[in-house]
Amino acid sequence: MNGVLQITFIVILSVEFIIGIFGNGFIAVVNIKDLVKGRKISSVDQILTALAISRIALLWLILVSWWIFMLYPGQWMTDRRVSIMYSIWTTFNQSSLWFATSLSIFCFFKIANFSNPIFLYLKVRFKKVMIGTLIMSLILFCLNIIIINAPESILITEYNVSMSYSLILNNTQLSMLFPFANTMFGFIPFAVSLVTFVLLVFSLWKHQRKMQHSTHGCRDASTKAHIRALQTLIASILLYSIFFLSHVMKVWSALLLERTLLLLITQVARTAFPSVHSWVLILGNAKMRKASLYVFLWLRCRHKE
């Protein structure tokens, strides 16, 4: 592949890494600082902190594995090391996806307004819904880990039987299993986030119809709450969609012989979600906006000195 093009992608990845580390680090530091001072942090701040920490770990893992691959191609790619690397990556990746999905669910139940008895039942038991979401994510994570580690167990088992009964698993099948499994398990939180977004849009539409004959101020207050949430969710869903499509491309790239360029494109697209999304969350959260403005003014004053 063209060296200039490769360097370009490396620069983009490096910028994404810096943006992601600063963004997620800022979220984590602001909330942990409040926690250390003995202040009570809200449920959404707890989710934001867990999301930021998981993404910081994910970004460092992406950076380290990428540079090892670039500097020592093929020298460290043993089956055991690849299996460990994928397991660690899956741990932080699934954590990041489900914490982001939990934010979407939190936003939906706090802002949406439906008269449906199922919605009202779940809204009253909101904390149980969030706990159930985390339990479901843990179960799916365990299944994901079992599946991506299955080829190693299969190969060991088949090695002990006669050649006539051995199962043939070629490199293409093995290389496709990891991205395919992660794509399938990554689709579930993506679908949940997409459903909450669509329902929130529907809630806004119903609210506007219902409040057409109400007082102007009341209508504006509720509508602004919907719009603020939708602005954050639109950016989140867009980045989430790019992230999911990059996984689909990763599965497709496993079938190609010359796939270096496609792998670089998918890596850039996947890294954009945990890095850029952190700043979307900062801009969409009043507490984070206020803290970021304070830091900006402090840096500006320091620069003048």
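Positions of Cβ are set from backbone N, Cα and C atoms, glycine also.
Now, the feature entries from TrEMBL:
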type     : residues : note
DOMAIN   : 23-245   : domain 'G-protein coupled receptors family 1 profile'
TRANSMEM : 6-27     : transmembrane segment
TRANSMEM : 47-69    : transmembrane segment
TRANSMEM : 97-122   : transmembrane segment
TRANSMEM : 129-150  : transmembrane segment
TRANSMEM : 184-205  : transmembrane segment
TRANSMEM : 226-249  : transmembrane segment
TRANSMEM : 261-283  : transmembrane segment
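Long-range contacts of the transmembrane segment (129-150) within its own chain (CB-CB distance under 8 A, at least 6 residues past either end) are made by residues 43, 83, 86-87, 90-91, 94-95, 98, 101-102, 105-106, 109, 122, 177-178, 181-182, 185, 188-189. The stretch with the most CB contacts under 8 Å to the transmembrane segment (261-283), chosen from 6-27, 47-69, 97-122, is 6-27.
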